[in-house]
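Summarising the annotation, TrEMBL assigns substrate binding site to Glu28, Asn283.
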Amino acid sequence: MASPMRSLFTDPDRYLQSFRLFLTNSTEHQCMREFMERQLPSVIASIGNGKSTINILSVGGGAGEIDLLILSKVQARYPGVTINNDVIEPSADQISKYKERVAETSNLENVKFTWHEETAYEYESRMNAEKKSKKWDFIHMIQMLYYVKDVPATIRYFHSLLEAQAKLFIILVSGASGWETLWKKYGSSFPLDDLCSYVSSADIKRILDSAGLKYQLHELPSHMDITSCFIEGNKDGELLLDFLTETCEFSKTAPPELKRQVMEELRKPECSEKREGKVLFNNNLSVIVIEP
């Protein structure tokens, strides 16, 4: 009998709902913000040297929260310099949120935004078709490499667009996170379609090493409160379970045995820790800064 489980990506509204709840329940953006405040300035210290214009490409920019923080750091390092900020983002809903955010943010006079409503692969295909290979001073791919069909090829392509002193900046889940444990064990039981694959910093390290690329790796501790997942019938808990398993309505459609095993796994110390009566899932992230 065919499994009734289907990928969360078949329901974009529910995906966004679960993603936004994940951001609310986790220190995801908090730990990224902390990194941007403390460490990004040294990462971008020489990307614009001697340039009157700095070109930044945001691949999978989402609703722009982190993008605007990155821009503020580039502006602080290179005051008054014109910045072209191109954004590749397939979700129209996320782009409109991004545009609202830009409209509400001051000090962006010297930044020119261009949004491309397409996937990274569509962008690459379009550029190749138009025989264009625009170079960039900073390219970032934050939490988006799960959504590309061919990770090594995507990294190779965007790396080939770097200027001489540019950086390719990647954030994704750490090989030392609860995601790694859960997905290495149960990923093959989840209904992943070709819209999404599980990849962590451990995989990216292997790809970069085999390509002989130079990079720095930073680990960012992060957690997500998944206590509500263990409350039967709790709406938030069900949405977070969907996000964890990338499955639409996981608690209603998963075979009982799989559900039992996943719930058990989520409580294990390899995935989560108990603190003050809460179950906190290990959401550690890695930042990878790749040299041209």
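In case you wondered, yes, glycine gets a Cβ from its N, Cα and C as well.
What TrEMBL says about a protein is an automatic prediction, not a curated fact.
Cβ neighbour count for Glu28 (substrate binding site): 22 (other Cβ atoms within 10 Å of its Cβ, all protein chains included). Cβ-based neighbour count (10 Å, all protein chains) for Asn283 (substrate binding site) stands at 24.
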